[in-house]
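Working notes, beginning with the structure itself.
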Amino acid sequence: MPERLAETLMDLWTPLIILWITLPSCVYTAPMNQAHVLTTGSPLELSRQSEDMRILSRSKRGWVWNQMFVLEEFSGPEPILVGRLHTDLDPGSKKIKYILSGDGAGTIFQINDITGDIHAIKRLDREEKAEYTLTAQAVDFETNKPLEPPSEFIIKVQDINDNAPEFLNGPYHATVPEMSILGTSVTNVTATDADDPVYGNSAKLVYSILEGQPYFSIEPETAIIKTALPNMDREAKEEYLVVIQAKDMGGHSGGLSGTTTLTVTLTDVNDNPPKFAQSLYHFSVPEDVVLGTAIGRVKANDQDIGENAQSSYDIIDGDGTALFEITSDAQAQDGVIRLRKPLDFETKKSYTLKVEAANIHIDPRFSSRGPFKDTATVKIVVEDADEPPVFSSPTYLLEVHENAALNSVIGQVTARDPDITSSPIRFSIDRHTDLERQFNINADDGKITLATPLDRELSVWHNITIIATEIRNHSQISRVPVAIKVLDVNDNAPEFASEYEAFLCENGKPGQVIQTVSAMDKDDPKNGHFFLYSLLPEMVNNPNFTIKKNEDNSLSILAKHNGFNRQKQEVYLLPIVISDSGNPPLSSTSTLTIRVCGCSNDGVVQSCNVEAYVLPIGLSMGALIAILACIILLLVIVVLFVTLRRHKNEPLIIKDDEDVRENIIRYDDEGGGEEDTEAFDIATLQNPDGINGFLPRKDIKPDLQFMPRQGLAPVPNGVDVDEFINVRLHEADNDPTAPPYDSIQIYGYEGRGSVAGSLSSLESTTSDSDQNFDYLSDWGPRFKRLGELYSVGESDKET
């Protein structure tokens, strides 16, 4: 490195020395009167110099200097002398002092204030700053007063070759298609040099390839890289590394250089055809494989990549073109052979296919290399499998008359085992499709028979499923749908299509159509319905009505005369015989009711029956019934509301201390120790059911044959309890169907420990007047009150 720097300095100083000899007037210490020989500087500097010349020539004073230069990167033991300042006002008496200011004054440049010598005290770098602008001024040494106006000058840093070229964007990557012709442009690179491009050759660059030949070349000045060999093959080598050098000084010796790398990748083109790895492929497949299943894969290799390697696969020949197909798998770049139709080992055991692989994207530039396709042979062997039974037909359609006899054969299904072993077949009906079990099937021969009667009018079609099962392998089953159509037979007689009721006006005219009726038949003859209408033989000579057949298969009833009188006869019944056209024909008799009504002159019914009244206002019988029901419901609600108000205002029983609530007899202190504690409920005696004529009882009644009972008269509200009980007792005494009990009450403990025992022994078949209760007084004071109740005094009898 020091040797190279010395050579560079020598190259620079040589022209400077020559310039020093030939141009003595350009020395930077020249006096002011010789400054006119300057040839450098800006127009402003030249103008200012001319102006100074005019001033100095007039006053004989002024600055003397040149534009100064200093060499960059100079490093010596002493500060380098840049130049000297001098004015003609300086007689050499050292009374003038020079002052320097501006860029780098005092830090980079120093001035001797007495002599005016300027030195550079630091190493300069032109790439950092190329020139410095300074200001010089001469002042009186003692007073520091300016002797001349200040003036600017420039110190330029002279360049040396101290910067090597650099590739700022490296390393580089580029692509070029394979098989390119010679001289195909790949890319271009650019290097920069920080040295001065104007001064010398320090920044003049020359490019060259250090590594990458003989495949690539580079233009020395433009740095354009091109292919140096034709038809480079990506399949042989895909990537190349090129080392590029940029050298300054025009590439001469002593110049600085920089390098970078360029990676060149060859892109693929379709220059290779597909090629099968083998010419013959073998595959095997069971005969019961599902359609669409992949049987095998074939692949044609292609040295190209991407879309250039894509191939389409086709079956171009063979005896299985109808059974197999091949599809292209773009991901795996192979062909998938799939089953297209069912196979049968018993029919054919092997197949041969010829498949072809062809490139999809063809480059016409390489068509001379031959067809971009290849073929291979595929052998497919069918393997035997235990197959399910096969029916002779995929569906069956059977017909049966609805009057077919039970156990008669409707039809037959057949199935076989396609295997070589040929297992026997057993048939059955899927009962989920025949829930009513209307059909049976012979398990051996598949004959379908009728199990229950059929009715076409209920169901025309029956869809069942027949199952065929191999006897040797019950897992092998097949199903087939069977549609059974029920054929019609004439088993239904025709009848009126609806309920007809005709109305005849008293003032009707002879021949007037009273009613038009139509018939219906549940049967379905092939040629359609055709009905015959007639009157009963005894009604053929009917003096009042006649019938007329219409073309639309309907019947009109006509009046033979006028002058009908509904007072004499209000209703006429006309039996009509309806016959169908079946074989044999069936007939039925339907009766038409004809009512005689009073009508207006224009034929409007005015008085006949309920329906005749509602017809003019447009109301049907259903609407009338609905209106009446609403009215009745409203009346019931009103009655219930009034009844509830009366019960609320006038209660039946006054709940006070005098009310008899516990027993019929009120025992004060006398009954403190009695044992009959069964409560007496007055509400039971006032049971509404009893009022309506039915008396429910809690006692167990004897098993007797009862006679109808008379209804009980209702009891008015607000009556005395004593009178109420007497009325009930009288009713019970006169009731022949009543069981032998005194009352409807249950006395669980009454009479226990008493001399008389229970009151149930008392006879109640007679009235109070026929009974003698005097013996009750002998029972003691405990029954005194009871004896008074059942005894009849003279006052009572008189009453």
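In case you wondered, yes, glycine gets a Cβ from its N, Cα and C as well.
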Practice problem: For the set S257, S587, S795, say which residue Swiss-Prot annotates with phosphoserine. | Solution: S795
Exercise. Ten-angstrom check, please: count other Cβ atoms within 10 Å of the Cβ of N473 (N-linked glycosylation site), all chains counted.
Key: 14
Quiz item: For the glycosylation sites listed here, N463, N544, which shows the highest count of neighbouring CB atoms within 10 A?
Solution: N544
Quiz item: Closest of the glycosylation sites to N473 (N-linked glycosylation site), Cα to Cα, picking from N188, N463, N544?
Solution: N463
Quiz item: What's the CA to CA span in angstrom from N188 (N-linked glycosylation site) over to N544 (N-linked glycosylation site)?
Solution: 125
Quiz prompt | In three-state DSSP terms, the structure that N544 (N-linked glycosylation site) belongs to | solution = coil
Quiz prompt | Cβ-Cβ neighbours of N188 (N-linked glycosylation site) (radius 10 Å) | solution = 15
Quiz prompt | Residues of the domain 'Cadherin 3' (277-391) by DSSP state, where helix covers H, G and I | solution = 10 helix, 57 strand, 48 coil
Self-check item: Spatial separation of N544 (N-linked glycosylation site) from N463 (N-linked glycosylation site) - C-alpha basis, Å
Solution: 54
